[in-house]
Amino acid sequence: MAMRNQLLRRCVFWNGKIKANVRGYAAKDLRFGTEARAAMLTGVDLLADAVAVTMGPKGRNVIIEQSWGSPKITKDGVTVAKAVELKEKWQNVGARLVQDVANKTNEQAGDGTTCATVLARAIAREGFDSISKGANPIEIRKGVMMAVDVVIDNLKKISKPVTTPEEIAQVATISANGDVSIGNLISEAMKRVGKEGVITVKDGKTLNDEMEVIEGMKFDRGYISPYFINTTKGAKCEFQNCLILFSEKKINSVQEIVPVLELANQHRRPLLIIAEDVDGEALTTLVLNRLKVNLQVCAVKAPGFGDNRKNTLQDMAIASGGMVIGDEANLIKLEEVQLHNLGQVEEVLITKDDTLLLRGKGKKEEIARRIAQIKDEMEISNSEYEKEKMQERLSKLSNGVAVIKVGGSSEVEVNEKKDRVNDAMNATKAAVEEGIVPGGGVALLRCYSALDELKPSNEDQRRGIEIIRKAVRQPCMTIAKNAGVDSAQVVEKVLVRNEPTFGYDALRGEYVDMISSGIIDPTKVIRTALQDAAGVASLLSTAECVITEIPKEDKFPAGGMGGAGGMVESSIPMLISDGEEPLLFLTFHLSNCAVGVGILSLPFCFQQCGILLGTIVLLFCGVLTKIACRLLVLGCRVVDESNYENYAYRVFGRAGRLAVEISNISYLLGTLTAYFVILGNLTVSLVFKLLNYYSGQISTEILSWNPVAIFFSATVVITPLCLWATPRFMGHLSFVSLSSYAVLVLHVACTGLPKLFSEFTLMNVNWWRAEGIWIAFPVFTVALMCQPALFTVVGELSLRRFLSINKIITGAVNVCCSLYLLTAIFGYVSYQDDVSGNILLSLKAGVFNELVEFAFLLSLAVSYPLLLYPCRHTVCSLLEHFNILSVNHFAQGNQLKNFRFRWLSITISIVFISAALASISPNVEYILELCGSLAGSSIGFILPAVLYLQVSSSKEIQRRIEATVCLLVGVCMFCSSVFDMLPVEENYSVEINKRIFTVSSVLPTATHFALNETDYIAI
């Protein structure tokens, strides 16, 4: 318990530290009077101009650039308002205040945001103008609010109730910008589920809009913590095939929820907890599991109070086939919950305000019995309040949920139409609540004359009334302006005809009876828009001083957890920002994950296929690697996952996840083993050179010291580096490591540059040798592979910044290709007589060359942890897959101790397993063959391509073609590796040659260190 409390205190401390860093003690900038109001009014005008163009049946669309994906096209006022963020901070203050008007109107009425914005701009502009002429802003506000009260009273008088489906369809049609099909669809949905029923909107899978009524329930409680959000499309939490725990009691203990968490984890299903409340250690545990191990879980408070809450919980439990834990009727405790005690639904959608449960697995007989029971209770009840609540419960159990599926030919079209459907649906509900008034801005114009009855106390109040008199003209004028006619003339003609329903039909361009023509607005929408606009805009007019922060230079946040050795690499806080430094930092980090021992074999590969062909193939492999990485990121974003394993699980279930885990571990473990082989041989070589026992000839005596050198490196260098170095620190060392590689490249380039254009070189080097492509191609693809380390480097949040992550991928691959090209060309030219699978073997004896070898040795040591991090993460994922490690390691006591022990033990195991494999298998051809091209082709090309083809839309033609190419390349690599593994009957000398070629073509390593003296003589 003490350790758990310590963990919670640390969490609070970290959060406090983050908040302090964000708030800081920034200096403030102040403006006063006319200067401040003028700047704010400019911001108000900019936002209102953008929103106003969408108003009316002939309003225009607005195109909004998004941080990822295609631009959004919409006519929804609140969506446009939310997208406006001005660079000039004073203007942005005014714009944000009007945004609040639109948001508040949208929350209360669900529609009318454009009208509210237009009214707010008109009131603010006239208010600022009056104040600049010396009027008292306080008295002006009083006059404004007096006038608003009169207008609202008049709106209520002319309002009429909605009674027929035709009127509902008319309201929906107007709110959907004249789309009759949407109006009819919403009218039919409301007819099916009732005026109090639940209607929800989803993406359709056809070109047409559809509506179906399914079993479901909705209640007005949302997620307890925003950390439960699991989708980027709005602040929502969505689950499929979900388990539900119903608890009548408050949950605040960790031990109470551990069994049900493990139960959900074992069955790989999301879990929704509906209880009186969830707080304290229980809530902290759920959030930790959600963020750290990506457990799909969410907690929601039960709706209602007292007996009504108990009854509602029982209704939901029966509808979903579960039971309420803690109920007096059963004695089951939370710690004893089994799978059959949990409710089950096919789909769950949770927002901050409400929760929707669809297609519960409850028995029909039980639901029918519950409905009959509620009806019987209604008959004997004498309380109108109880009857009302029972009727609500009855409606939720019996009527179901109407689901409108919005169709279209593209995602952009569907999203635009969904905005209009949501507006129409909210407007329809508002019309049912408070009735309807003539649309097209006519209702506000009919309140124009009522303002004459007001008697202000002073001149400034009279000015306030005049502000509202002018403001109520603006909606009609804006609609007329967007229709391309004289707005002032339209308003005057409507006012002159003193008929309550006379107005201008902007769609057909004629004056009509608005009610009979179906041009109507919900009274609630108009009332809310005017109240919100007047309240905020009049307060805006009273402002005399505006205070803003002077922006500070943002520093790149520190990464990792000190002393933890980067054990939370699945959520490394290396957030992508628009600054050049973070992008460059992550680019070097990803580059170092790809560059390694592969650089040694490049001259040998160019010797086999020629300089020109080798350059073409290497650049082609670079393009393939970029494509494969982009497919991974795009696919993860489609299914809203932040790592490779969960992405595969969402697409292919357990089989997909297992395939990724096994392929990734095989590839990375093989690579780490190869690193140790080279580390051991380089260490032995340098030591014997320093002791003058080695003059460049490999002997059996020297090779016998390899295991000693390998375990010495593992114990003294690699293990401490992996355990105590943070990912942030390793990121900085990436630059040092790349610099060491660059030393080798520069040395080779300086040696080869004088020989490049010599007559001897031009006559003797290979420029084009097609048969060598089968050796070079697998080398290049695996040497450039950074897919397994991609998510470790960029972190979780960067997936939402596709443009930034694309820059990182492109930059990293370009860095690798540049180093490889220089090493390959100049290394081949410099040592064309004795070039082998390892360029270091060709370096002559000398102090400088030994320094180059030592720098390369350090680079390998630094690169080792960068590949161990993703391997460790995948091993943990695999162990959890087989329930060897469960969520219990997070949830129960001594969390921090268990958490650290798990990561430290796995780290040490990986280091010494790879060291043991390297020491007992100095000739690692078979291991490298199995773990190189076989696993590398699967994890790097086949799986990314197959997964993306499965989740992508058939309309993404270009991306699907790229995925198909990656798939074919991966299959070719896989088949080639399998062919190379087949035994051949040849003489010893040829077999040795073949073995060297095979090793070089599988994983770029200094494999010649692994051969004994006899092998070299045979060659």
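Placed from the backbone N, Cα and C atoms, the Cβ positions cover glycine too.
According to TrEMBL, the feature coiled coil maps to residues 364-391, out of the candidate ranges 364-391, 392-419, 448-475. The transmembrane segment (901-920) shares more Cβ pairs under 8 Å with 667-688 than with any other stretch in the list 610-633, 667-688, 811-831. The list of residues near the transmembrane segment (961-979) in space but at least 6 beyond its ends in sequence, with Cβ under 8 angstroms from a Cβ of it, reads 624, 627-628, 630-631, 774, 777-778, 781, 929, 932-934, 936-938, 940-942, 944-946, 948-949, 952, 1001-1002. Between the transmembrane segment (851-869) and the transmembrane segment (708-726) there are 3 or more Cβ pairs closer than 8 Å, counting only residues 6 or more apart in sequence, so the two stretches are in contact. Here the coiled coil (364-391) has long-range neighbours at 304, 308, 314-315, 318-319, 397-398, meaning same-chain residues at least 6 beyond its ends whose C-beta is under 8 angstroms from one of its own. Counted over residue pairs separated by six or more positions, the transmembrane segment (667-688) shares at least 3 Cβ pairs under 8 angstroms with the transmembrane segment (708-726), which defines the two as touching.
Note on the coiled coil (364-391): its mean pLDDT in the predicted model is 84.
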